Amino acid sequence: MIYQAETLQVKEVQDGVAEILFCAPNSVNKLDLATLASLDKALDALTAHSGLKGVMLTSDKEAFIVGADITEFLGLFAKPEEELDQWLQFANSIFNKLEDLPVPTVAVVKGHTLGGGCECVLATDLRIGDKTTSIGLPETKLGIMPGFGGCVRLPRVIGADSAMEIITQGKACRAEEALKIGLLDAVVDSDRLYASALQTLTDAINEKIDWKARRQQKTSALTLSKLEAMMSFTMAKGLVAQVAGPHYPAPMTAVVTIEEGARFARNQALDIERKHFVKLAKSEEAKALVGLFLNDQYIKGIAKKAAKSANKETQRAAVLGAGIMGGGIAYQSALKGVPVIMKDIAQASLDLGMTEASKLLNKQLERGKIDGFKMAGILASITPSLHYAGIDNADIIVEAVVENPKVKAAVLSEVEEQVSEETVLTSNTSTIPINLLAKSLKRPENFCGMHFFNPVHRMPLVEIIRGEHTSDETINRVVAYAAKMGKSPIVVNDCPGFFVNRVLFPYFGGFSMLLRDGADFTQIDKVMERKFGWPMGPAYLLDVVGIDTAHHAQAVMAQGFPERMGKQGRDAIDALFEANKYGQKNGSGFYTYTMDKKGKPKKAFSDEIVPILAPVCAAQQAFDDQTIIQRMMIPMINEVVLCLQEGIIASAQEADMALVYGLGFPPFRGGVFRYLDSVGIANFVAMAQQHVELGAMYQVPQMLIDMAEKGQTFYGAQQQGSI
């Protein structure tokens, strides 16, 4: 043994050939701070080892290295710039040390080799993979960019254009593509991977492969003419500006980094990379996006605990109510390996549900995600039925009939008679209280809400609603089932609108009040989309949701929270509803809609809206962007905080993920609680109090006032990281 540490070891495997084996005691290898320090010492030991002829990098896991340890990021990024810069210099000196070994090096690349793992193997001379290899640099998805030499080495290995595509998109390449672009030097069968890599290294030692020329290319300036460079970088900047937009600076910064470093040799190019990395690491966007990643891991952890705690795993399910929603739920369950009965009283609805499932599976087939055999198997595991036959075998039943409390209660009561005492019943409802529906059941402890978002196959969030009598076992089983379906389940306590709809309607309330006071809805949409970062402005969102749906939900919320959400008079939603302008579904709402060539609705402004809104809106007047943002966001933020204060949602992490996954809250802002930390709670309180005359929706919750006085934050502990 040449060197041994907790997460890696170095030994001589044959005459003069040493192997650096990454072997962390956990389920995956990560380039955490401790592993980097060990790698540094291992390379020193190798440099001092006599008779060294070549070095192999291997892993004892199915994945080579999944990346850096993201749990350490926020702690690192919180350090002063100078300290972060020094740490990056140290980290890069390790990869330079690997690249500068006086002997050829080869990496045995299997499974996920991402982020820091990819940057590590880029420092070797040769890279051999197998069919499991997935290699790339996903850092821009976290608001940062490669900082261990990825922006320097990747363009020199595969060319600037391919490198910018991978880095700006945060892309991972499968083995075939990686081989084609030169990121891998060979792809072999898994059982021959180690032997092939050893043979490749032997060929390099015997100078059958010119490893020195390869290394020279990586440590020199990029070989691009002025014209090539201008065309390449100008085109990349144009594409990135179009796709990433102004709220996500990391992809553009990566292009600029590669461009600035192109004319320099490795060490100077690394200095440029480091300077830009530090700037991104200190940004609010990086803090928010890394925070979302950590929150997502937190939610996955809760789901894993629930699955372990549940006494029974869901093997079979049933959906009551077919159509688009029921078909979507059945498809998602079957796709993830849980066979499902789809029951309805109307054959036409069953046909619609099966058509929806077939349509979604055909899309998977077209994209090459599944083959025809797999598609047939998934479709066969959805059983459409007009009767309850076989439903007694279901472990979980999802009721997804029409949004009417009497109909839902009758269906739930009826199905309860058909199933065993262990069967869990759930209701897919967006507005009806779970405690109300539970009254129709003999076993309310086996019942909870399971609120899917539309379209089911695309929306990651499922709200799991705990009723007054719901047992922990029921919650654990439903959370585990939602996670098995590939969803992000978040448990909330029962109240009108649950969490997501409860916090959405004060936002719509702020919108209605702005219109009442003479604001232009097209300006509000532009500001909330372009400046704040929502995927849709409120008027457009209402049209997509459906004015009739929003009108009904608004009445439910007003009844549930009369002080804040009760209406003083008619508003814009009432005016459109009464004029039968329901939005996209009937071609006319705030905007008018026509179908484009692809069959997608395209919006346009029409003057016919003006007389409809006139009775509920003051004469048009100008509002600046900041006022619009404040008046729109304060009611939502207040309601989110009240939900935490009242225990409707358990944590800031879960609330922020629900907002991003369920409402499309701008990810670069990280959710309401991350946003409050970013702007400063005391600053928010002072700003919100300037609008207090607008009514109860603008009253700041006591929790925020107390936290502002104490100088507290919501993410203080997470911000410290694990260092």
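Residue numbers in this text run from 1 along the chain shown.
Note: Cβ is positioned from N, Cα and C throughout, glycine not excepted.
Within Asp210, Asp271, Asp296, the residue that Swiss-Prot lists together with Asn501, Tyr661 for binding substrate is Asp296. Of the listed candidates (Asn311, Asn362, Asn446, Asn454), Swiss-Prot assigns Asn454 to the same NAD(+) site as Met325, Asp344, Val401, Val402, Glu403, Lys408, Ser430. The binding-site residues under consideration are Ser430, Asn454, Asn501. Their Cβ neighbour counts within 10 Å are lowest for Asn454. Cβ packing within 10 Å was compared across the binding-site residues Met325, Val401, Val402, and the lowest neighbour count falls to Val402. With respect to Glu403 (NAD(+) binding site), the closest of these recorded positions in Cα terms is His451, chosen from Glu139, His451, Asn501, Tyr661. A distance of 13 Å separates the Cα atom of Val402 (NAD(+) binding site) from that of His451 (active site, for 3-hydroxyacyl-CoA dehydrogenase activity). Around Tyr661 (substrate binding site), the same-chain residues at least 6 positions away in sequence with a Cβ under 8 Å from its Cβ are Met459, Pro460, Leu461, Ser488. Cα spacing between Asp344 (NAD(+) binding site) and His451 (active site, for 3-hydroxyacyl-CoA dehydrogenase activity): 19 Å, rounded to the nearest whole number. In this structure, Glu403 is the one among the recorded positions Glu139, Glu403 with the smallest number of other Cβ atoms inside 10 Å of its Cβ. Taken together, the residues of the region 'Enoyl-CoA hydratase/isomerase' (1-189) have an average pLDDT of 97.
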